[in-house]
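Quick look at what Swiss-Prot lists:
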type	residues	note
BINDING	Asn48, Arg50, Tyr330	ATP binding site
BINDING	Phe133	K(+) 2 binding site
INTRAMEM	121-131	intramembrane segment
MOTIF	130-135	motif 'Selectivity filter'
TOPO_DOM	1-66	topological domain 'Cytoplasmic'
TOPO_DOM	90-120	topological domain 'Extracellular'
TOPO_DOM	132-142	topological domain 'Extracellular'
TOPO_DOM	168-390	topological domain 'Cytoplasmic'
TRANSMEM	67-89	transmembrane segment
TRANSMEM	143-167	transmembrane segment
Amino acid sequence: MLSRKGIIPEEYVLTRLAEDPTEPRYRTRERRARFVSKKGNCNVAHKNIREQGRFLQDVFTTLVDLKWPHTLLIFTMSFLCSWLLFAMVWWLIAFAHGDLAPGEGTNVPCVTSIHSFSSAFLFSIEVQVTIGFGGRMVTEECPLAILILIVQNIVGLMINAIMLGCIFMKTAQAHRRAETLIFSKHAVITLRHGRLCFMLRVGDLRKSMIISATIHMQVVRKTTSPEGEVVPLHQVDIPMENGVGGNSIFLVAPLIIYHVIDSNSPLYDLAPSDLHHHQDLEIIVILEGVVETTGITTQARTSYLADEILWGQRFVPIVAEEDGRYSVDYSKFGNTVKVPTPLCTARQLDEDRSLLDALTLASSRGPLRKRSVAVAKAKPKFSISPDSLS
């Protein structure tokens with residue numbers, strides 16, 4: 001149970017997670033295609049790749065990038081092909097030496113107990129997997145057989161090393177750690193220190209920390225140059241703030257990351273009406289750091305489209321002090337509350353600061369103050385008489 005420091009009146013908290021109840025839940029218009037999905041996957045399809053042989057120049061990375069069924073199928077076929085190949089070699093050695101001839105031979109065979117291709121295949125498996133049943137063995141009669149034995153052992157060790165390394169890299173990939181790095185479903189634009197700010201919340205569900213965590217943000221939109229060139233995915237970096245300055249964050253508890261919308265911001269001319277009609281705006285957020293337990297660099301990504309940005313709302317507090325420690329209520333991670341915010345662009349607010357003064361005056365006379373006065377004048381429903389205490 002959280003302390004009273006984290007309690008907010010229920011009528012000022014949205015019942016649906018970071019969603020405007022005045023807007024329809026389902027939109028009929030077509031949404032803009034995402035460049036980065038909410039889970040961090042890049043929505044890009046590569047087509048007509050001519051030089052596909054470049055993928056074979058880095059076989060290990062190609063195997064790691066493949067899906068599990070494809071990777072397991074490749075290693076299974078590698079073992080089967082190597083066993084069959086060396087089984088054919090052992091059968092040819094026995095055939096050339098005359099070990100497959102019927103009857104009792106007086107000559108010492110190259111490999112004992114090989115009488116057919118099946119026995120040669122079993123011997124190939126015993127050599128490469130080092131089972132060592134003992135029924136078949138290489139003799140000193142054929143130096144070529146000794147050389148093939150050495151080569152097959154080396155090939156088997158190489159396949160095992162590549163398979164174990166690939167499986168380890170696939171199970172310890174950085175995106176596994178990113179599954180517990182969460183972002184708020186919606187972003188908000190509201191006032192902070194008299195300036196319009198773009199805000200989002202980020203948190204880490206694990207107790208193991210992300211070392212040297214940094215956060216970056218980019219605005220992706222369709223633009224046209226003065227020469228008439230259309231750039232469908234024009235990326236612009238914008239600075240983020242976390243309360244202490246810089247992009248580095250100490251992610252021991254959920255943080256609200258914000259960007260001050262100033263004259264250098266690509267959101268300087270963004271108005272509330274653009275959030276419902278602006279189809280070419282996408283804000284990508286990238287959180288990167290080193291996993292404390294494994295030392296592997298991980299990266300978590302998400303994006304916000306125009307209709308996923310809430311104007312005039314603020315994230316509710318979720319960190320409260322309780323019993324000498326801080327507790328985090330993740331059930332309110334994406335909850336927002338409406339706050340007075342000017343319905344104009346940041347440029348208009350900078351040019352006319354009287355809009356902010358009028359907003360401050362209107363908020364001081366708002367229903368929130370009247371409600372607090374009414375609550376203060378309300379009489380308690382229960383009273384304790386002095387006689388009951390004696």
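Heads up, the Cβ atoms here are built off N, Cα and C, so glycines get one too.
For the motif 'Selectivity filter' (130-135), same-chain residues at least 6 beyond its ends with a Cβ under 8 Å from one of its own Cβ atoms are 112-113, 153, 156. A Cβ distance under 8 Å defines the sequence-distant neighbours of the topological domain 'Extracellular' (90-120), meaning residues of its chain 6+ beyond its ends; these are 135-139, 141-142, 144-145, 148. The Cβ of Tyr330 (ATP binding site) has 11 other Cβ atoms within 10 Å, all protein chains considered. Secondary structure of the topological domain 'Extracellular' (90-120) per DSSP, as helix, strand and coil residue counts: 12 helix, 1 strand, 18 coil.
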